[in-house]
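A.B. asks: Mind looking over this structure? Questions follow.
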Amino acid sequence: MSCRRGALIVLEGVDRAGKTTQCQKLVQAIQQSGRAAEIMRFPDRTTKIGQLISSYLEKKSNLEDHTVHLLFSANRWEMVPVMKQKLEEGINLVVDRYAFSGVAFTSAKPGFSLEWCMNPDVGLPKPDLVMFLQLNPNVAANRGEYGNERYETSAFQRTVQQRFEELMQDTSINWKVIDAARTIEEVHKDIKDLSENIISLAEEQPVGELWR
């Protein structure tokens, strides 16, 4: 490897927890420190698979639940070559949702186990840091544009949060919980501090494989 690799940093949380805003602020902060950084979002709605997912989320089409889950996973896998190349080039990737969202949302539906939901994503690039933005779903429901898409109901989001809490028991993943009920700047400071530490640590380590 010709240069120190970038870190893979993921922000997770229930809908409207502020992930997208914080991803943007973190990328700017990393760039201002003199390092390369880019944002990635899942689902990536620009691909053909992503467009199928987008139509489903916007309630323009209906898809069978197993099919939807596998489409979300395929959407992540199709971006793996790009992710690996960028990390090897020393670009830090800040990711707005990843496999953990896929597992939490599908396993919140009746009849889906965590294990079944995790299997399609086994072997994805393993994040160096996963920050969960903790926010009460009732508070999230009062934030802008809530309820416009499928899954944006408080009852479902509470179940999703429970599934995230189960996923966070996995000590092989570097989870950090952030209180997202505070101001944007307070949340950003915590995220920035945690990310700066992990970027330095990740430089000398190979990219791992998720859930292996």
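The backbone N, Cα and C atoms fix where each Cβ goes, glycine too.
Grabbed the feature section from Swiss-Prot, which reads as follows:
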type	residues	note
BINDING	R16, A17, G18, K19, T20, T21, R97, R182, K192	ATP binding site
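I'd like these features described in context: how deep, what's nearby, how far apart.
C.D. replies: Neighbour density for R97 (ATP binding site): within 10 A of its CB lie 23 other CB atoms from the protein chains shown.
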A.B. asks: Tell me whether K192 (ATP binding site) sits in a helix, a strand or coil according to DSSP.
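C.D. replies: It is helical.
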A.B. asks: For ATP, with binders R16, A17, G18, K19, T20, T21, R97, R182, K192, what's the maximum Cα separation in whole Å?
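C.D. replies: Taking every pair among R16, A17, G18, K19, T20, T21, R97, R182, K192, the longest Cα gap is 20 Å.
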